[in-house]
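Colleague: Please see the structure below; I have some questions.
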C-alpha cells in the first residue's frame, strides 16, 4: 500500500472518530445529562467551531494531497466551509462588530449567505456539467417552476399572506426570501441527484451528498420556521446536526477515485426516473392551482405565484418546441444523408452487377472462341464443356459431346 493511500485511510478514520465523538457529545449532554452546567451556548458554539475547523482543514489537506480534484466543485465546497467557519467564529466571539445598513441582518449572516451560495453553486455546477444544452434548460426551468410553486405555498402558509415584498426591508427580504429559496434549491438538487447517479464515481459518495443536501435544507427549514416553538435543547440539537452533516462532506472527500464501486449503478430505473423528473414541475403547479381554488381567496401572494409559475411553464413549452424543431431538422438532415448513402450504394451495386455481367460475357466469349481446343472433363472422363475449336477438332457438335 502506498504512503498516500495510508494517509487517506488515516484521514478517513480520524474523521470517523471525530464524527462518533461529536455525536456522542451531543447526545450525552443534550439528552442523557441535560442539566449539567457544561451545556451552554458558548460551549456548544466552541465545540461546533472545532468541528468546522476539522472539516475545513481536512478538505484543504485532501486538495493539497490530491485526494480530490482541484476543480470548481471541491474549491467551492471548501470556500463555503471556510465562510461558514468565519461566520460562526465572528458570532461566537463577537470579534467583528460591524453594523450593516440592513435591518435584522448582521455580518455573520453575510458569511452564512456566502456559505449557502457557494455550496449551492458547487452542486449546481456539478450537475450542469453532466447535462447537454437541452437538459440544462429543462433543469433550470423545472427548478424555477417547483421553487415558485412551493415557495408561494410556503409564504402563504407561514408568513403574512397579504405582505408585499416591495414594502419589506432588505433584511426581511434576505431572511424571508433569499435564505428559504436557497434551502429549497438545495433540497431539490438533493432529489435530482437520485435521478443522476453517474455524477459521482463512488456510490457511497452519492448517498452522502444526497443525505447532506436534503439534511442541510430540512435542518435549515426547521431552524428557520420552528425555532420559536422548539425547546432550547431541540434548537441546539439542530445546530449540532448541521455540523454532523458537514463532517460527512469531509468524509466524502477522503473516498478515493478508484474505490471499488461501479459508476453505472442506478437507485431507480433511469427511464422511470426521467419521466418522474418531467412530472414534478406540472405536479407542483397542479398543487398550487388546487390550493388556490380551495382557498377561494384573492390573495396577491397566490395570484402572483400562479402567474410566475405559469410563465415558467410557458417557457418550458417553448423549450420543448425549440428542441422538437431542432430534432426535426436533425432528422431531415439524417434522412437526406441516409437517402444519398442508399442511392450511392445502389448505384455502386448496379455498376458492380453490370461489370460482373460484362466480365462473364467476356470470359464466355474468350472461352468459346479461343483458337486452341478446350475441353472440361471430370474425374470420370465425362465431357462437361467444350469450346468451338474442340468441336471442330473432334468433328462433332458440342451438344453431342457434352455429357459423354
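Glycine is treated like the rest: Cβ placed from N, Cα and C.
What TrEMBL shows for this protein is this:
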type: TRANSMEM; residues: 12-32; note: transmembrane segment
type: TRANSMEM; residues: 44-64; note: transmembrane segment
type: TRANSMEM; residues: 71-93; note: transmembrane segment
type: TRANSMEM; residues: 105-125; note: transmembrane segment
type: TRANSMEM; residues: 137-158; note: transmembrane segment
type: TRANSMEM; residues: 173-194; note: transmembrane segment
type: TRANSMEM; residues: 206-224; note: transmembrane segment
type: TRANSMEM; residues: 236-255; note: transmembrane segment
type: TRANSMEM; residues: 276-293; note: transmembrane segment
type: TRANSMEM; residues: 299-319; note: transmembrane segment
type: DOMAIN; residues: 359-404; note: domain 'PAS'
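Help me see these features in their spatial surroundings.
Modeller: Counting residues 6+ beyond its ends, the transmembrane segment (12-32) has Cβ neighbours under 8 Å at 38-39, 47, 51, 54, 58, 233, 236-237, 240, 243-244, 247-248, 250-251, 254-255 in the same chain.
Residues of the same chain lying 6 or more positions beyond the ends of the transmembrane segment (71-93) and with a Cβ under 8 Å from any Cβ of it are 42, 45-46, 48-49, 52-53, 55-56, 59-60, 62-63, 106-112, 114-119, 121-123, 125-126, 246, 249, 253.
Outside the transmembrane segment (105-125), and at least 6 residues removed from its termini, the chain residues within Cβ reach (under 8 Å) are 72-74, 76-77, 79-81, 83-84, 86-88, 90-91, 96, 98, 170-171, 174-175, 178-179, 182-183, 185-186, 189, 193, 209, 213, 216.
Residues 127-128, 131, 176-177, 180-181, 184-185, 188, 192, 225, 277-278, 280-281, 284-285, 287-288, 291, 299, 301-302, 304-306, 308-309, 312-313, 315-316, 319 of the same chain sit 6 or more residues outside the transmembrane segment (137-158) yet have a Cβ under 8 Å from a Cβ within it.
Long-range contacts of the transmembrane segment (276-293) within the same chain, counting only residues at least 6 positions beyond its ends with a Cβ under 8 Å from a Cβ of the stretch, are 138, 141-142, 145-146, 149-150, 152-153, 192, 195, 268, 302-303, 305-306, 309-310, 312-313, 316.
Below 8 angstroms of C-beta separation, residues 134, 137-138, 141-142, 144-145, 148-149, 151-153, 155-156, 161-164, 281-282, 284-285, 288-289, 291-292 of the same chain, each at least six residues beyond the ends of the transmembrane segment (299-319), sit close to that stretch.
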Colleague: Please give the average pLDDT for the domain 'PAS' (359-404) in this predicted model.
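Modeller: The predicted confidence over the domain 'PAS' (359-404), as a mean pLDDT, is 60.
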Colleague: The transmembrane segment (44-64): which same-chain residues, six or more beyond its ends, come within Cβ distance under 8 Å?
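Modeller: Apart from its flanks, the transmembrane segment (44-64) reaches 11, 15, 18, 22, 25, 70, 74-75, 77-78, 81-82, 84-85, 88-89, 91-92, 236, 239-240, 243, 246-247, 249-250, 253-254.
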Colleague: Same chain only, please: residues at least 6 beyond the ends of the transmembrane segment (236-255) with a C-beta under 8 Å from a C-beta of the stretch. Say none if there are none.
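Modeller: Contacts with the transmembrane segment (236-255): 8, 11-12, 15-16, 18-19, 22-23, 26, 30, 39, 41, 44, 48, 51-52, 54-55, 58-59, 62, 67-68, 74, 77, 81, 84, 202, 204-205, 208-209, 211-212, 215-216, 219-220, 222-223, 227, 230.
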